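To keep things clear, I will list the structure first and then write my remarks on it.
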Amino acid sequence: MSLKNGEQNDLSPKDSVKGNDQYRSPSGIHVEHEEESRNDFWQFESSNLFRHPRIHLEPQEKSDNNLKKFVIKKLEKSCQCSSTKAKNTIFGFLPVLQWLPKYDLKKNILGDMMSGLIVGILLVPQSIAYSLLAGQEPIYGLYTSFFASLIYFILGTSRHISVGIFGILCLMIGEVVDRELYIAGYDTVHAASNESSLVNQMSNQTCDRSCYAITVGSTVTFVAGVYQVAMGFFQVGFVSVYLSDALLGGFVTGASFTILTSQVKYLLGLSLPRSGGVGSLITTWIHIFRNIHKTNICDLITSLLCLLVLLPTKELNERFKSKLKAPIPVELFVVVAATLASHFGKLSEKYGTSIAGHIPTGFMPPKAPDWNLIPRVAVDAIAIAIIGFAITVSLSEMFAKKHGYTVKANQEMYAIGFCNIIPSFFHSFTTSAALAKTLVKESTGCQTQVSGVMTALVLLLVLLVIAPLFFSLQKSVLGVITIVNLRGALCKFKDLPQMWRISRMDTVIWFVTMLSSALISTEIGLLTGVCFSMFCVILRTQKPKASLLGLVEDSEVFESMSAYKNLQAKSGIKIFRFVAPLYYVNKEYFKSVLYKKTLNPVLVKAAQRKAAKKKIKRETVTLSGIQDEVSVQLSYDPLEFHTIVIDCSAIQFLDTAGIHTLKEVRRDYEAIGIQVLLAQCNPSVRDSLARGEYCKKDEENLLFYSVYEAMTFAEDSQNQKERYVPNGPSFSSD
């Protein structure tokens, strides 16, 4: 058998006879030896011969975690009423009351007016174009952008983001609208006359296709807004953390392919049903190629001319944005030129091109959402609400950090929620912040939320005076504007090589989300991306990195021996680091990698038992022979080490399975005479170990505050054990 001091001893027959009882009860040896070893361990620990004193920290008194008391305390605090609290509540809910009285007119007004004017000019054609994407009439896009700009001015905390119409949300709204129109029995190919549709609504007559479409859109918007306000109220904004940058990037790119596909029919002048549901992108392209011979040549030529103007000018704006005081509003110029050409050339009458039609001036009477539709659209609104607030909060925090101020994420959720709830009563659909317009707003001198008021005034001018002038505007022009604005999302492919070098896992998440969003559907794509992203997190912790550590020369620092050279491995001590939480998913991997890098105590124990049986049998035969005195040598090869130190600095938490695994590992190693020490456990892990009874009251010294302390303790205790070891053999197992 292996001796604790690594030596071999010869036993005479006389000595062997004394030990026969122990051999007949191997388990008795183990219990007796383990108890003796443990007593020696604590005796050594309490002696004064250690080179370094142990670190002892006094824990803070823990707060009372009684749920009932916590809830009562919160309710008492919430129900207290005073003039100061009422004032703070009002000012917190309406941030405009805080910052507007302090507004520096001379310093900020010029930049706010300039940025608001330019964003308003850009929003006019985009609002009209994105209305088609949402399955609505052009006027509703203008309503949406107008109300969102005003409400965010009152409730928002970000000085720079532009809240209004957003392509991805318009696509998601449009899919719901088309589905409900189909269920209601409306023709999904040919809409009723634009003029008659809107006249009926203005005069409160029977609701036709256009009326029902905006009813569905407003209802979805209302429900999404309620979700967002509820998220703010219950402070569940943490949901957005599951939408990583890679996931959002893949989702936006995948949805952009769907948007592009939905606009191709306008570029070609085709009257096609809008495909929805699973595989809509493929279905739409099949319909396009089947009807390609019906292409309207006038619409095709108009689309190509607009592309030739818009794409180069957009690139110039991007390349020379640092030199331009304001971006060239090329979209507005294209819309004006195309409208004039269509009107005076009578393109609709001569060539049958599809035009925007009558856009009324003024505002329609408020109308409540259709409460009967809410159960049918409630699930659709969840994804819309999450995407809307995730993009808004992330953009507001990004620009706040860039310009050195803070935003309140909860208030941002309230703001975007009410930007959807209130306008839903005024024939509007879902809004959120948009990166492209926010960048324009920032680059043109925006200083505060006053910029949003200027944007709203531009849109109000269009709504009251200019809107009817867009009657002859071709829908192909609006389709081109929508597609050109997707170039940022579609150009993300050029960033993939760099993303692959930085994180292959993020790149895979991006591709999975992009492909599922494009080829299946936007909602399923988002859900697939979230599920796959969470699976990747679990996968990363299922088989994390684990390594043996060595000591950096002339220091108390330990690092991975597989990552760095010239590290010193301490004789007789193995230091093991596991870089992940230890829980039910990776508990088996933890044991397997620890056993692989040190030794498997179960196999060693089995080998010792087998060897013990063979030597007992041999001894019995020898003693019963004719010889009076025979020397029998019982020995094992000594183990390479006596202590394992587990560096727990990277273990964020333990669950029940993790605690049980540590107990099992410790028990298995102690059975062969190897002590297990834990080092650098954070307070959470220490609490878990205490609750799981990993250490008994007299075993708290198994936990160390640093790896160096644990290593020193192991060396000193082993040195003292060798002094106390008796002359006779000391077996490490039964």
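Here the Cβ of each residue, glycine as well, is placed from N, Cα and C on the backbone.
Here is what Swiss-Prot says about this protein:
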- 1-38: region 'Disordered' (REGION)
- 1-11: compositional bias 'Polar residues' (COMPBIAS)
- Ser12: phosphoserine (MOD_RES)
- Ser16: phosphoserine (MOD_RES)
- 113-133: transmembrane segment (TRANSMEM)
- 138-158: transmembrane segment (TRANSMEM)
- Asn194: N-linked glycosylation site (CARBOHYD)
- Asn204: N-linked glycosylation site (CARBOHYD)
- 222-242: transmembrane segment (TRANSMEM)
- 247-267: transmembrane segment (TRANSMEM)
- 269-289: transmembrane segment (TRANSMEM)
- 292-312: transmembrane segment (TRANSMEM)
- 379-399: transmembrane segment (TRANSMEM)
- 415-435: transmembrane segment (TRANSMEM)
- 453-473: transmembrane segment (TRANSMEM)
- 519-539: transmembrane segment (TRANSMEM)
- 563-714: domain 'STAS' (DOMAIN)
* Structure fact -> The average per-residue pLDDT within the domain 'STAS' (563-714) comes out at 81
* Structure fact -> Between the transmembrane segment (222-242) and the stretches 292-312, 379-399, 519-539, the largest tally of CB pairs under 8 Å belongs to 379-399
* Structure fact -> Counting Cβ pairs closer than 8 Å to the transmembrane segment (379-399), the top stretch among 113-133, 269-289, 415-435, 453-473 is 415-435
* Sequence gap of 6 or more, Cβ distance under 8 Å, 3 or more pairs: do the transmembrane segment (113-133) and the transmembrane segment (453-473) meet that? -> yes
* Asked: Residues of the same chain, at least six outside the transmembrane segment (453-473), with any C-beta under 8 angstroms of its C-beta?
  -> 112-113, 115-117, 119-121, 123-124, 127-128, 138-139, 142-143, 145-146, 149-150, 153, 162, 164, 335, 338-339, 342-343, 347-348, 355-363
* **Surrounding residues of the transmembrane segment (269-289) on its own chain - C-beta under 8 Å, 6+ positions past either end** => 135, 174-175, 178-179, 182, 188-190, 257-258, 261-262, 295-296, 298-300, 352-354, 476, 518-521, 524
* Asked: Who are the long-range neighbours of the transmembrane segment (247-267) in its own chain, taking Cβ under 8 Å and residues 6 or more past its ends?
  -> 132-133, 167-168, 171-172, 174, 274, 280-281, 284-285, 288, 299-300, 303, 354, 387, 390-391, 394, 475-476, 478-480, 482-483, 486, 489-490, 492-493, 509-519, 522, 525-526, 529-530, 533
